[in-house]
Amino acid sequence: MGWKTLDDMDLAGKVVLVRVDVNVPMEKGEVTDATRIEKIVPTVEDILKKGGKPVLLAHFGRPKGKVVDEMSLRLVLPALQKALPGTKVSFAPDCVGEEAEKAVAAMLEGEVLLLENTRFHAGEEKNDPELAAAMAKLGDVYVNDAFSAAHRAHSSTEGIARLLPSAAGRLMEAELKALDAALGQPERPVVAVVGGAKVSTKLDLLGNLVGRVDHLVIGGGMANTFLVAQGTEVGKSLAERDMAETAREIVAKAKAAGCTIHLPLDVVVAREFKAGAANETVEAGACPADAMILDAGPKTVAALSEVFASARTLIWNGPLGAFEIEPFDAATNAAALQVAQLTKAGQLISVAGGGDTVAALNKAGAAEGFSYISTAGGAFLEWMEGKELPGVAALNV
């Protein structure tokens with residue numbers, strides 16, 4: 001791997017600018033889920049142990065280059081302080097300029113400084129070299145620990161990395177290692193599970209995966225579009241009929257690449273989309289005209305369990321059915337629990353990512369069993385699509 005980690009850096013007495021992701025959900029000015037804040041703690045603590053002074057750079061919300069009080073990182077300070085008990089955490093009202101410089105100069109060893117929202121400056125999202133230089137001026141070393149923002153070429157993720165000695169933080173390092181194990185140099189056979197509502201939003205992803213994995217499992221509303229493309233009737237199910245030709249092209253590309261596509265063999269159908277709705281399981285081609293497909297059936301789950309059992313690596317993005325509503329979470333839950341079991345038994349390396357996916361695996365009680373769960377959202381998807389991530393590429397310099 002062409003990037004450095006904290007282990008490669010001499011940080012003693014140095015000001016370390018750390019790009020973190022603390023873009024957490026808030027309600028009435030209070031953090032409602034501090035997961036992202038907790039995930040940066042190992043990097044911050046490692047820098048402190050090595051005698052460095054961590055200065056945190058982050059964005060919050062979409063202020064579009066203006067100062068918006070409700071998007072001030074000052075609101076995140078109490079949760080950050082709570083995540084670092086016994087460490088003094090200060091706040092600077094800007095991320096560049098005189099106030100930021102004064103705050104950095106006043107730091108003592110063992111202290112942490114959080115700078116104000118980088119997106120309060122219009123240049124941040126334009127990757128303005130002057131803004132990147134003003135940020136770089138504050139520190140001696142740059143560490144990127146925000147894989148979730150690595151698909152954006154911004155001043156604080158890409159521009160600054162070209163101006164200072166740079167390394168990946170612990171969270172970024174774990175993410176890159178997990179992703180390399182899943183798609184970079186994976187143990188074969190490799191299975192990808194791709195679910196969700198629409199083929200149109202995952203075209204690049206499917207196009208990249210068929211050339212890189214041995215098995216592609218398609219679930220959720222997307223599977224209906226592939227069934228339609230085969231000439232199968234899906235009743236009132238969610239399906240993108242205008243994407244049928246595209247779906248056929250993906251199937252042809254998979255065949256040419258030696259990738260087996262797995263579609264539902266049987267489906268759970270209902271007349272209404274609500275919890276506990278009356279439902280029945282039918283063959284994939286037998287969906288009644290007035291019903292909609294809301295989950296994969298038990299035959300499909302049994303077939304998938306054989307595919308999973310023969311695999312060595314699995315990548316998961318998107319649920320197999322309408323997992324938010326019982327009983328249409330059954331296929332997702334059963335498949336996720338089996339993957340977790342195989343992973344715990346040492347038979348499988350499993351990596352999952354994307355908002356719905358993380359929610360579905362948590363709901364199934366399977367998340368803990370996966371090798372790695374990426375909370376990165378867009379960056380995880382772009383990586384699965386085979387795109388170069390600017391924030392990672394800049395660390396290779």
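From the backbone N, Cα and C atoms, a Cβ is placed for every residue, glycine too.
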Among GLU173, GLU175, GLU324, GLU326 - the residue Swiss-Prot places in the same ATP site as LYS202, GLY354, GLY355, ASP356, THR357: GLU324
Using Cα positions only, nearest of the binding-site residues to HIS59 (substrate binding site) (LYS202, GLY354, ASP356, THR357): GLY354
Neighbour count (Cβ, 10 Å) for ASP21 (substrate binding site): 24
Proximal but sequence-remote residues of the same chain as GLY354 (ATP binding site) (Cβ under 8 Å, at least 6 apart): GLY196, ASN317, GLY318, SER374, GLY377, PHE380, LEU381
Alpha-carbon distance [GLU324 (ATP binding site); GLY61 (substrate binding site)] in Å: 26
